[in-house]
Amino acid sequence: MSSKITLYIARHGKTMMNTLDRVQGWCDSPLTKEGIDVARYLGYGMSDINFRTAYCSDLRRTVQTTKIVLGAKGQEDIPVIELAGLREACFGSFEADFNHHMWNSAALYLHHTSSESMIKAIMEKEISYREVLDAVKKLDKMGMAENFSQVEARTQESLLEIAKNESRYGDGNILVISHGMSILAMLLGLGGDKLFKKPLENAAVCKVIYQDDKFTVESMADMSYVEKGKKEATAI
């Protein structure tokens, strides 16, 4: 049997643009105090997991989150590797616009009355994130936005690169910090769709096993690590 690689894939902490409810794909902003705190809680909650390596996108919100998580759990000295393939989806002309404008535009394109109606339909599996992101690409006036397949291809390529590289060194736990839509595009087609029941909050964790050239998604959008870390922080 080949090496067992356990990947803990988490969304970055809350940022200034998240707080302002702005679209944040390839554009970037720093973590807020709330975002720093939730990243710290994530680190505390993962204190019993020994990571061999950490990976993140090349956007500063994931780099910042990674450093905080590792610092909180006393592993700030392990290698951190940035991969552009782990970036968030590019939303083209919608970048830095208000979220409600982009999502309502996509909702109307898909014959929904509002973004709330569209999100409800996604969670009830009446429509997919693939359809939504494809709608955003079609509505993008700059021609720069990515469709779902593009984001899926590059994020899964990066995930496979990480898994194969780490498999050379034997069993290991690997931390990956990425972005909301990117994580969904990466994992829904690998079996994550069967476990996806709630939105991916900031610092939510998806656990994935790679062994014998196969990915197995074990959990999606897990906030238990943050909740555990928050309890530990308040007990200090």
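Backbone N, Cα and C atoms are what each Cβ position is placed from, and that goes for glycine too.
What TrEMBL records for R11, H12, G13, K14, T15, M16, M17, N18, R61 is substrate binding site. According to TrEMBL, the active site, tele-phosphohistidine intermediate annotation covers H12. The active site, proton donor/acceptor annotation in TrEMBL covers E88. Under the heading site 'Transition state stabilizer', TrEMBL lists H179.
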*Are any of G13, T15, M17 (the binding-site residues) within 10 Å of E88 (active site, proton donor/acceptor) when you go C-alpha to C-alpha, and if so which?*
none
*asked:* With an 8 Å cut-off on Cβ distance to the R11, H12, G13, K14, T15, M16, M17, N18, R61 Cβ center, who else from the chain surrounds the substrate site?
replied: T19, Q24, S29, L31, T32, G35, T65, N202
*In Å, how large is the greatest distance between any two Cα atoms among R11, H12, G13, K14, T15, M16, M17, N18, R61, the listed binders of substrate?*
15
*Translate the DSSP assignment of R61 (substrate binding site) into the three-state scheme.*
helix
*T15 (substrate binding site), number of other Cβ atoms within 10 Å*: 23
*When you measure from the Cβ of R61 (substrate binding site), how many other Cβ atoms are you left with inside 10 Å?*
28
*Cβ distance under 8 Å to G13 (substrate binding site), same chain, sequence separation 6 or more: which residues?*
L31, T32, E34, G35, I36, D37, V38, A39, L42, R61, Q64, T65, I68, N202, A203
*Output the one of R11, H12, H179 that, of all these recorded positions, has the highest number of other Cβ atoms within 10 Å of its Cβ.*
H12
*Rank the recorded positions M17, E88 by the number of other Cβ atoms within 10 Å of each Cβ, and give the residue at the low end.*
M17
